[in-house]
């Protein structure tokens, strides 16, 4: 039984091998004509340059933090080494995601001339490379470090490294992609009246770079972190009940290994036999990995835990995933009420479009909150309940680990979106025949849905995972402190401080996007004014200037949120004590969950309301309603692609800070 | 000492007498020419008709609920009688506010031809009538019932009645006023290009009615309820420490009585000596009542409590008020960064205007959260702390009672706004000379600031008051239940459910406004189309149709939120138990506080960003930036005047439900 643990790093390595294998098969494909290669090269250069500068900035921060860990904590060396390993692995996950995307995009565009089938295969396998690399690295890192250190508590440094880098990647990438996107749209589509991805727009390369560094790299780092941190939470809670369930630490790692094999097999399920069935092909992949995982979970549970109740908990986790996906689809799909209402209200102008979009976003928090509340109650009471709260909390953690069973596929789906988006952009810029663009548009429209759906998944798994982390924190400080009761004004003020963090953080993110987009607009206006011949297509715009502007803005503006995420929990712990910090974590998790839902779903709904009008409803493209819907879509961009996703990382970073530094915080507080 | 308690109802009666005296002095003023009287009559008729229908609906609900109370609770008769008394008093407070406003408006317009001095006096005294009536009724009702029943616990019914009616009034009035306003603006200002308050707009009377039934009546009911519920929370917590401080129940009532006298005296401080000093005249009133109250608090504390630490707590309450006012001014004032940023970002269109407005709203939650967190810690630790938590919680309640010392003035300031707004509308519609409109505009621009500031005050006092209510609930259920610890998944799921309520509630409110505004737009478009001569001024629009549309919408859409506010806490308590309900209250208070801040401040900032542009900055009136700013202002309308203020009532209703029905909930929960 002891040796079984080596399955986990082995599964991680196998996953990485398959990722490499798929990557190689993609690189063999045709990269298109000279013009396409040129464009793809420009996107690749911009992306690589940004990623390098982003990681250089992060490296400085990481070294400082690892020194702090080294000197402040017991076992500082192991913790600091773990932190650096986590940071480097997260960076690697992001870098791999970006690298494959900037190569798959042009090959997808090239294959699209032969129809949807092959283009889908390339785009999806490009996503699968990122997916398998992310979960492979995550399981490899977590399990190796656990084998090496022999103590789950010492793996916390690894988790902290992963989540801190993911916060930076989400914040920086999110600001980059949306500042470029909003800037390009405002001046190109609205002012100059040129289509999206038009090569005459000086911000067009920055916009395409943004897809890769924001969505692909950012999502990669984010899900890497979710995977690591969630498994870790289960291992930590498992180590407390090892007296009753001796494999409680091993169990989550084995569930993760099984899910990896299920994901690898399911990649082969995704192919289009008939035209126009792209979405069902993709769902076949997700469904396949879910079913295969559940079968494996059944046997693993029997073998390791000898208690079928844990299997029901994994089923609960899978059910939560399914429900989160359904809710997200409902709120963001063109065929359901919310998007239709927003589109209809665009007929009376931008103001009513915004009001109904915000209202839909607000409303969309209801079902997920009930689902997560029910999920934690069910998981807790199935295996433990008040008679055995320790096992109950472990049950919550196992449900969130079960949610990860689809993580590989989810990352694949999410990375698929920007690849097809880029492919469309390249087709447009390279003046490929309209029929090519039609194929990439078909693939891309599905990409919008998958992106929205994966966000719903990410939020749900974050909420559940964070509650498990909170239980870990609670255990770490409970030894020397009193009960964390809602009676206490100290706890209540902690909750208030925690609740304000997501609002503050979103404000910073959104105003960063607003400011940088404003600069992009001015630069584009300047180029239109000062470089004659751009609009006629006789002169080439200076694409690099716009890339530069958003790069600087992203690097500059990601620093403060990252700093706040580390320093605020520490200050709260030191000055107000561990109870206040517990309150802060609670407020942060709950409010962060709500705001992330509201922003992601609201943003997705606005996006698709615009698309519904473009499909010819409510006046169609070019109507007043369409102009109003473009406003909503532009507001939704930083909601769904900057602030919303970054909140997930924020929630986990702050929890990891609390857990990591809990030894210093115990006994803190001057009250 | 025992007899001292009769001071409270006496003070209430004196306050009502002064309200009547001021009302009489206003009615003596000149009500303008025939045309003005006609217009004022139309507004009055519309307002009275709406209020009657609103109260008829509420009466049905109230009778049902009082029957439930009668049969379900111990001492049901006293509770039900109290409930009805609270409901009727709240309705009276709202009705008085509406009645005086619809009379003061036209007299203010008439007086404005003689300069700002007299017009300000009439408008402010109109507001003061509402202010003194509200606090007079509140203190009279609360203290009389306490004297009659001899037990603070039995006064809870009165508080519940007050808060339930206030929720209906806020929700119904808020939907009415903003549906009319948004509808009138969308089709009048944006489509037809006619100015605000133009008599050719068929929705113009509905818009002016809205100011009276939404802002005056709604605010009156809201502050009545805040006053009652906050005093009650202090009395309930006071009854628990009566062993140590024998006057702990009497003390909050005496503070309230002192504040009433301070408010009456301060009404006379408000007069304009020189032109253009309107705001400082108003602040003199608020400052006067604060200083006089504090002096009285010092002596009352010495006399009743013999412990000067309670005086420091009242000072803390006043400091919280001042800080909340400063923060609100900062975020909504034309001379500070947030509004300037929003105005500047309007230059790149509606989307960036919305992004920066939302971002400002999000950011504006930070300082208030810190202020309230610090406020509860300071109040708790000054008088009690962990050594004496009961007195500490009472300290928090006393700080919130001290915040009420300015309530009369605050209501006066808030009601002043709609009166001047209406006066401007009447001047416009009656074609009075431009110079008259200039005077009313000057008064009105101050009205916008005072409305924003009073909202900041209302949110702060709600948060602090609600935390005191929460402590009451906690005491009521603690006897038979375990500690309410954040460890428990039951508590955590309660927090999640509570956190989702404000989002759900805001979604319902906003979409109600959106839908009704849409209907108004269609009706106005129809009238423009079908009634020839409207635009030329030769035919009169059918004003009544628009009033009808918003009346129906308001009555229809206020029902569901009110129902949810009562039923959800009951279901949570019954099925998940008292701990889950405690979690729900916490989540509701914290998230409701954040969202209310975000909506009120964001809405105020959008409003003033538009005004700043209209002052000639960033392109001025009629520019692209101005068009973008109008979009922001329209989005902000349901934020700041419908959903935001109604959240305050929601928070307290749910808390009152929990306290009132706590005997039924103890022992609830199937887990």
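Backbone N, Cα and C atoms are what each Cβ position is placed from, and that goes for glycine too.
Owing to the predicted nature of the structure, the values given are computational and were not obtained by experimental measurement.
Of all ranges given (A:524-542, A:581-599, A:600-618), TrEMBL attaches the label transmembrane segment to A:581-599. Range A:122-140 is the one annotated as transmembrane segment, of A:103-121, A:122-140 (source: TrEMBL). Among the ranges A:191-210, A:251-270, A:351-370, A:371-390, the stretch that TrEMBL annotates as transmembrane segment is A:251-270. Residues 19, 23, 26, 40, 43-44, 47-48, 51, 55, 58, 62, 65-67, 69-70, 73, 126, 129-130, 133-134, 137-138, 141, 145, 149, 154-166, 169, 211-213, 216-221, 224-225, 228, 411, 415, 418-419, 422, 660 of the same chain lie 6+ residues outside the transmembrane segment (A:79-102) yet bring a C-beta within less than 8 angstroms of a C-beta in it. Recorded stretches compared: A:146-169, A:310-331, A:490-513, A:650-670; the one with the most Cβ pairs under 8 Å to the transmembrane segment (A:227-245) is A:146-169. Outside the transmembrane segment (A:251-270), and at least 6 residues removed from its termini, the chain residues within Cβ reach (under 8 Å) are 4-5, 7-8, 10-12, 14-15, 18, 22, 120-121, 124-125, 128, 131-132, 135-136, 138-139, 142-143, 146, 227, 231, 234-235, 238, 245, 281-282, 284-286, 288-290, 292-293, 296-297, 300-301, 304-305, 310, 314, 397-398, 401-402, 404-409, 412. With a threshold of 8 Å between CB atoms, the same-chain residues lying at least 6 positions outside the transmembrane segment (A:282-304) that come near it are 124, 247, 250-251, 254-255, 258-259, 261-263, 265-267, 269-270, 310-311, 314-315, 318, 321, 402, 405-406, 408-410, 412-413, 416, 446, 450.
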